[in-house]
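Asker: So that we are looking at the same thing, I have put the structure below in structure tokens.
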Amino acid sequence: MLAVWFGTQADEAFPEAWHSDAATVSGTDALANIRSKVYLSPKLWYLRVNVIEAQDLIPSDKGRYPEVFVKVIMGNQALRTRVSQSRSINPMWNEDLMFVVAEPFEEPLILSIEDRVAPNKDEVLGRCAIPLQYLDRRFDHRPVNSRWFNLEKHVILEGGEKKEIKFASKIHMRICLEGGYHVLDESTHYSSDLRPTAKQLWKPNIGVLELGVLNATGLMPMKAKEGGRGTTDAYCVAKYGQKWIRTRTIIDSFTPRWNEQYTWEVFDPCTVVTVGVFDNCHLHGGDKNGGKDSRIGKVRIRLSTLEADRVYTHSYPLLVLHPNGVKKMGEIHLAVRFTCSSLLNMMYMYSLPLLPKMHYLHPLTVSQLDNLRHQATQIVSTRLTRAEPPLRKEVVEYMLDVGSHMWSMRRSKANFFRIMGVLSGIIAVGKWFEQICVWKNPITTVLIHILFIILVIYPELILPTIFLYLFLIGVWYYRWRPRHPPHMDTRLSHADSAHPDELDEEFDTFPTSRPSDIVRMRYDRLRSIAGRIQTVVGDLATQGERLQSLLSWRDPRATALFVLFCLIAAVVLYVTPFQFVAFFIGLYVLRHPRLRYRLPSVPLNFFRRLPARTDCML
């Protein structure tokens with residue numbers, strides 16, 4: 001007797017249903033690994049520990065000045081203050097230490113004061129454990145109240161037992177959970193959520209994002225079955241904000257069809273939804289073999305590039321970078337729609353800061369943000385790995401782009417050419433102006449002369465002319481606006497032209513696991529690149545120091561000439577109307593090539609003769 005029904009994702013039983021394509025999967029654990037699931041990231045907080053001072057410490061050796069520092073441990077995170085400058089039993093620090101914690105708060109904050117009695121020996125002077133549940137929560141820049149905490153000390157007796165000694169030592173700290181920051185677990189360049197931690201500070205949503213994961217085509221075989229035949233068990237993971245979704249796994253198919261739809265609330269249009277495709281390696285005894293889910297590819301879609309209330313149904317290439325080069329693993333077919341509930345609120349969002357106010361009122365350093373982001377990704381991956389079915393660590397790290405900050409020759413080249421692409425417009429305008437100055441096209445040069453004279457006579461037309469020109473350019477380019485959301489670009493990423501050794505270096509572990517001769521070759525290559533950068537930075541410093549030397553009297557004759565020129569220029573500009581000055585300067589710049597000299601101009605010669613501090617460097 002069989003009971004069979006056909007249903008869709010709207011049915012309540014859909015997540016628990018045994019799909020017909022999973023008939024070859026056996027075992028409860030394996031069945032749980034192929035089902036669809038919605039996950040929520042843990043709620044992350046920044047924990048700020050402001051260590052102010054300690055009082056009445058009792059060092060073991062009272063005949064020396066103590067070198068005291070504070071060590072704070074929060075889960076797997078450990079930070080320490082610098083050694084106190086006031087070497088006494090009442091040391092002061094006034095130093096901030098930042099941690100990432102997640103609800104529910106399972107572990108206490110453990111703090112110890114230690115004395116460096118020898119180069120590699122530290123003596124604990126006192127400890128205390130502080131539960132996080134009872135800490136103050138700060139939502140703005142106003143400081144919370146500081147508190148004194150009693151320190152405890154453990155002494156080991158002869159029998160190996162620990163005896164707890166309570167004594168009068170105390171530590172003064174200001175500890176709070178920061179609700180006004182957004183805990184960054186993604187790169188700010190393609191973050192999916194920018195809201196502060198505290199829900200009280202959230203603004204109302206501006207719309208809804210709907211994502212339909214339809215199907216994939218042309219997937220490559222990711223593993224071999226019994227008999228040597230290649231197979232792929234594909235599933236999708238999408239992340240936006242705190243909500244992660246995982247589709248069901250389609251067994252043994254290179255053209256899987258998921259046809260699943262998910263929705264998210266949108267609070268900021270300048271955010272990115274990430275969709276990744278993976279091969280499930282935990283079905284046919286993969287757990288016993290310790291296999292990891294393989295990457296098939298990833299797609300990012302920025303919501304601000306989507307028109308409101310329009311359905312985008314397109315195929316996106318799935319590209320993965322391997323040590324032997326970039327490889328197209330197939331295509332994924334997605335349907336995306338961004339529905340805006342209030343156009344006015346969405347337009348208003350463009351005037352607000354990208355991150356919450358606390359990031360600007362009390363900014364964190366770059367090194368702090370890097371360290372905190374690493375800790376946040378570790379916490380998120382650990383929590384999602386505990387779910388059932390688990391969203392495994394390699395999947396979470398790939399979706400969050402863990403390791404994207406590591407050195408890569410390929411990525412460095414791509415960023416350099418991105419900068420050149422940005423500057424290409426300015427360079428093109430400079431070349432065009434140079435052609436105007438040398439009268440390459442006399443008609444255009446005469447027209448520029450006429451426009452220049454009109455703007456000199458009527459200077460109030462300058463700004464309206466500039467903005468009208470920008471308006472016309474924007475209207476002209478509207479015809480060629482992008483019709484489809486962008487996708488991963490191999491040419492922009494320089495993935496299609498990367499040298500194999502550069503890719504091998506990019507996939508190397510940290511610290512390196514390559515032989516010493518390869519590491520030496522890469523180190524020498526990095527030194528040569530750094531040498532060029534060092535030369536460019538030195539040239540920039542030289543030009544800046546020459547500007548400073550105009551008035552520094554380091555070269556008394558050059559400074560005297562410049563000061564005298566400034567005096568004459570002040571008198572002339574005071575007497576002469578500004579329009580005449582601008583008129584003659586413009587005519588001088590646009591003069592005919594017959595009136596030009598090939599030698600450098602007098603101001604340039606004077607500037608190049610000014611002294612810099614390069615002659616003082618070793």
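Including glycine, each Cβ sits where the backbone N, Cα and C put it.
Curation does not apply to TrEMBL; its annotations are automatic.
Under the heading domain 'C2', TrEMBL lists 25-149, 190-316. The transmembrane segment feature in TrEMBL is assigned to 334-351, 416-433, 445-478, 560-590.
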Asker: Counting only residues 6+ away from its ends, which parts of the chain sit with a Cβ under 8 Å from the transmembrane segment (560-590)?
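Answerer: For the transmembrane segment (560-590), the list is 436-437, 445, 448-449, 452-453, 456-457, 459, 550-551, 606.
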Asker: Could you break down the residues of the domain 'C2' (25-149) into DSSP helix, strand and coil, giving a count for each?
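Answerer: Tallying H, G and I as helix, E and B as strand, the rest coil: 9 helix, 64 strand, 52 coil.
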Asker: Roughly where does the domain 'C2' (190-316) sit in mean pLDDT, to the nearest integer?
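Answerer: Mean per-residue confidence for the domain 'C2' (190-316): 89 out of 100.
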